[in-house]
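The annotation region 'Disordered' is assigned in Swiss-Prot to 18-38. The transmembrane segment feature in Swiss-Prot is assigned to 58-78, 97-117, 278-298, 408-428, 460-480, 496-516, 572-592; the stated evidence is sequence analysis.
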Amino acid sequence: MTVSENSVLETEVLVGGSAMPNERPGAMEPQNLSKMPEGFPRRSTVANGVRSRASRRFLVVGGALLLSLFAIYEMGAVFSIGGITPLEYLVLALFAVNFCWIALAFCSGIAGFLILLRKPRAKDLQVTELHTRTAILMPTYNESPDRVFSAVSVMAETLSQTGHGHAFDWFILSDTTDPDIALLEEQAFLVLRQETHKHSRVYYRRRRKNVARKAGNVADFCRRWGSRYDHLLVLDADSLMESSTITGLAQRMQADPDAGLIQTIPSLINGTTLMARLQQFAARIYGPVIGTGLGWWVQKEGNFWGHNAIIRTEAFMTAAGLPNLKGKPPFGGHIMSHDFVEAALIRRAGWSVVIAYDLPGSYEECPPSIIDLAVRDRRWCQGNLQHSRILPTKGLHWVSRLHLLTGIMAYLSSPFWLMLILTGLMLALQAHFIRPEYFTDQFSLFPTWPIMDSDRALRLFYITMGVLFGPKVFGVLLLLKDGEFARSVGGRIKAIFSVIFEVILSALIAPIMMFIHCGAVMSILMGRDSGWSPQRRDDGSMPWMTLIYRHRWHMLAGVMLGYAAILDSLTLLAWMSPALIGLWIAVPISAWTGSVKIGEVFKRAGILATPEERNPAQICLQAHEARAAYQKHIAEPWTLAQVLKDPALMELHLAMVDKQPLRAAGTPIEAMEAIVHVKVHEARCQQSALAVLNRQEMAMVLANPLMLRSLQKLPEQFVEEDLVSFC
């Protein structure tokens, strides 16, 4: 398709002006983690503007510590009757680590439950005019352009209707490396500009080299354009946000001069597979309990989850520049899970970081299958374990360190749970197969029996299950109490059925995810880097042979654990069966939960329904319609050959190419750049050049005006004698 073949694109000039505004460079220096920078922390503008109430920390963190100490004492008492053996000490230590982890979530859940019982409403700041400027950033990496650009189109249009549109500029920041997707992005941007240029300022930039991934993408924007704006509202490629939420965030930031970052709690939407629906339902029913409780007690020392949050540009650029960690990945190099670190550094500098748990209208999507979840978690696991290098940073608030530690434990907890299961199994096998030493060297009229307090052990088991499932129970109680909420998910009966189904299916998936996380931790400890793979967001289905290969070790582990249990007794096998069944049937579970067809069956039945699915927000409906329209607009994708052939298309493409200098004078030429230069220079026609360029090299050519001009000057015709051979 050429420019003249589409009425929307009948122009050689980019509608709405330049693809990016004029640069206003600003400094964003990497922070020193080994010492506190001069001038930090800043003095708060408002008295007590960044001070939190200690009483809330005492209630939640103190309560979690007391609960953990009680449980650890009880576990010690279970073993202490007959004397504690080394293996029992190991069980006790592993139990202590795991229980502390769930106790904090439980106590946060209690706080969230009590707050949500009162049905809090978002604070009305009554700000009539925004005098600050906010850049809304939509980073994208090899995503479907129809999804990304249609979402921006809808959000920009609805925001313009509020009367506050003048205070916001929109930026799509692409790190795409696929040349086909890069050209589709340009097509979609032309459509977006045509639709929005009369009411919104929308821009597009694709980096030539995606250094430091998403964090580097945003940092590049800040260094070149950040000084133009007071705030940055960071989205993700699957984000949606209502106009009232966008303006509400900007108003809160404007009203609080000490606010450095305000994070929303996004609701999950658009799940089509059973796995996505499961995550949506759990996040909607139980998530607010944990999120609200967390936001309540962390107060000014909140966290950043990488998107759907607004950041003060000054705080971000002066305090959150990320350094490279010494060494190679996975523990060295660029900081992968940048969000937690950026929040900690912003708080270190004296700005507040707040979780806006009372602000609705923020949305995102979730992985469609167990395999897609595993791919994402492998990357997150590496980034979170990398935070072990960040924990000693000078000047961090202790709550910020706790955020980093909980992120680490989100993945280390799986190996700890597995070790606890294995040591418990070893205790059972030891009691069954190893003959006890009835009479010791010390004189006694009575034998020494290996005994433990079974009644206390059973009571502790019930307590542990109560702590583990407590947040779920709180979420269900809130659902049953609120008739309107219950009706929004299909009524109380369907809601209870959905909860039961979610608990059972989650219990089957949990051991699979435990082994997936254990494998991720092991591969990281072995020095393997995760790389950066694009995410699938819609269909999660895979061939059965692929699933068998991906879950082969999980099934084998389930069989081996079951065999070990049955060596002791059928009773032990029955006790372990909730954790083993999921491993035995990992392949069908993975296949069924990743299926759109099965997800559709549950949708029609009203199982695992959410309010956002049954009564979608207007912006979600508009985004769905707009995406279908964008799919039609870019149904005939451009190619590099067409760009070279059509002068008008070439001019439009060059208008969207990043204007940053290709290479600073005197800097070394990268190997791939040199190879591309040779291939282009030695080609005798466009077709022969395109025949020898791989996809990565084509992406580089698309971002290089000099190479494009050189190729454009070549004749199009391909003749045999023009072939160039390379070794």
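Just so you know, glycine gets a Cβ as well, placed from its N, Cα and C.
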Field: Contact ranking winner - 97-117, 408-428, 572-592 against the transmembrane segment (460-480), Cβ under 8 Å
entry: 97-117
Field: Long-range environment of the transmembrane segment (58-78) - Cβ separation under 8 angstroms, sequence gap at least 6
entry: 84, 91-92, 95-96, 99-100, 103-104, 106-108, 110-111, 293, 297, 402, 452-453, 456-457, 459-460, 463-464, 467
Query: Do the transmembrane segment (408-428) and the transmembrane segment (572-592) come close, with at least three CB pairs under 8 A (pairs 6 or more apart in sequence)?
result: yes
- prompt: Same chain, outside the transmembrane segment (572-592) by at least 6, Cβ under 8 Å from its Cβ: which residues?
  reply: 274, 369-371, 421, 425, 428, 507-512, 515, 541-542, 544, 547-548, 550-551, 554-555, 557-559, 561-562, 565-566, 598
Message: With Cβ-Cβ distances below 8 Å as the criterion, list the same-chain residues six or more beyond the ends of the transmembrane segment (278-298) that contact it, or say none.
response: 52, 56-57, 59-61, 105, 107-113, 115-116, 265, 267-269, 271, 354-357, 366-367, 399, 403, 471-472, 474-476, 478-479, 489, 498-499, 502, 505-506, 509, 593, 608-613
Within the region 'Disordered' (18-38), residues counted as helix, strand or coil by DSSP: 0 helix, 0 strand, 21 coil
